[in-house]
Amino acid sequence: MPVASLLPFTATPNRKSASPTSFRLTEKFILLLVFSGFITLCFGAIFFLPDSSKLLSGVFFRSSSVEAETRTGTVTTREKKKNKLPLFVGKSKREGNLKCTNPLEHMMQFSWDNYKRYAWGSNELRPVSKQGHSSNLFGSLKGATIVDALDTLYIMEMYDEFEAATEWVEMNLDFNMNAEISVFEVNIRFVGGLLSAYYLSGKEVFRRKAVELGEKLLPAFKTPTGIPWALLNLKSGIGRNWPWASGGSSILAEYGTLHLEFMHLSELSGRPVFAEKVMNIRKVLNRLDKPQGLYPNYLNPNSGQWGQHHVSVGGLGDSFYEYLLKAWLMSDKTDEEGKKLYYDALQAIEKNLIRKSSGGLTYIAEWKGGLLEHKMGHLTCFAGGMIALGADGGPDDKTGHQMELAAEIARTCHESYARTSMKLGPEAFRFDGGVEAIATRQNEKYFILRPEVIETYMYMWRFTHDPKYRQWGWEAVQALEKYCRVEGGYSGVRDVYANTPNHDDVQQSFYLAETLKYLYLLFSDDDHLPFEHWVFNTEAHPLPVIKKQNVEIANHLK
């Protein structure tokens, strides 16, 4: 779909004079009447139809108030005021006729249809070569895109596609295999995706599969400290760590990004063991000295000692900090330990890692053995949204300061996009040698459809309603359409500074789970998955707040 097709539709008046004897003009007049009637129908539906979201899906975003009952998994939706988006009129693949199509629903439909056509059951799609793809993160486990996309399909009201995905999960999602998988990736994508699908739809198959997979992951915690292995064989239960990770260490962002899902597994199964495992991780961390109050990225699961002192709020560290804050929010703000750990960590990050460039851009550097590397990763750009999300509960009336900091990080990350040829952000960008927010190394210039910058735009919009965040999000939509869309789906690109795209031929599962979902929510009303009821895991899977009366397990373990 060309970018122009996503721009607001404008009718061009017919400037030719009409002739009463011309049958061809009469034919045009009739067609104009039909088309005018169709447009009138679209807009009239706003006022006269009780549930017009399918018909109006491209003129306005559907917006609803979603309230989850944690015990039953039921959801009620209430149609609310719609937000305007640029109009796209096109053919519906499902209905085969002219209809109004929401641009982001259209992008999701295109991504999903091509995955289903060329890679159904595989973990991911190769959209250029039009075949399935899998990385070593999943071993021989299948269906990552299906499970990752479940809640996005449901939220966008693509119910036929959701039912097809549900059927695949019921019939084909199998964990009884000789497969070595990444505990972290399988947890955030598969466990998180199944949990979210259950809470949104109430379908028992998702609860059952989530608990079954959670039980398969428990052997990863069989270490002297209880700090889990990074890799686990689902059949044998034998675990190990990545060989490159600082003398066999576990990674902060991996063992620190289990808490939300495992607390919900205990909630849904009635088995405290899941909550016990993640609460033990905190006990280990609380016993350790933190250099400058910071958490190094590597921890040896045998000795319980830090590995090399490398600290990052991007890759290897990022979602550990996110889960400290979200553990507090998900507990209905009863997890005071999680809250304290988060704000203490943020204070140390601000003191030791956050810097301002000579050009006035605020960035989060990396710390290696006491020395700063003035580099910021695309992954780090989630931090703007995280800081905004936590600003309200900050100590010493720091809400205003933290919102300012979040806005500055959002601006820096937008600049990393704006300073490229494709208006898409590089994997990492630097602030040294006169360079600001630009990638200087070839192996940092790629873009793999990552969501973190869009994620921060969404949070900043929700908290400020500053229109620039929607404008920046729309710029990203246009860039995705122009440079990442290919005949068979959406692909990452190898160099965002090039004039023409060199595609990497992978449609990442997180593109459907996160990037498109965060864009959709950026343009929806605030009461569509409201933050007081839902907390998003690091793969953008919404999990309901566990109300105060349901936190006996967590309180018992502290």
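Heads up, the Cβ atoms here are built off N, Cα and C, so glycines get one too.
No curator has checked TrEMBL annotations; they are predicted automatically.
Positions annotated as transmembrane segment by TrEMBL: 29-49.
The number of other Cβ atoms within 10 Å of the Cβ belonging to Glu185 (active site, proton donor), over all protein chains shown, comes to 20. The active site, proton donor annotation in TrEMBL covers Glu185 (among others).
Marked as active site by TrEMBL: Asp318 (among others). Here Asp318 (active site) comes close to Ala253, Ser312, Leu379, Thr380, Phe382, Ala383, Thr538: these same-chain residues lie at least six apart in sequence, with C-beta atoms under 8 angstroms from its C-beta.
Taken from TrEMBL, the feature disulfide bond covers Cys381-Cys413.
Note on Glu427 (active site, proton donor): other Cβ atoms within 10 Å of its Cβ, all shown chains, come to 21. The annotation active site, proton donor is assigned in TrEMBL to Glu427 (among others).
Look at TrEMBL and you will find Glu452 (among others) tagged as active site. Within the same chain, residues at least six positions away from Glu452 (active site) with a Cβ under 8 Å of its Cβ are His378, Leu379, Thr380, Cys381, Phe382, Cys413.
Every protein chain considered, the tally of other Cβ atoms within 10 Å of the Cβ of Thr538 (Ca(2+) binding site) stands at 25. Taken from TrEMBL, the feature Ca(2+) binding site applies to Thr538.
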For Cys413 (disulfide bond), the number of other Cβ atoms found within 10 Å of its own Cβ: 29
Protein Cβ atoms within 10 Å of Cys381 (disulfide bond), excluding its own: 31
Spatial separation of Glu185 (active site, proton donor) from Glu427 (active site, proton donor) - C-alpha basis, Å: 19
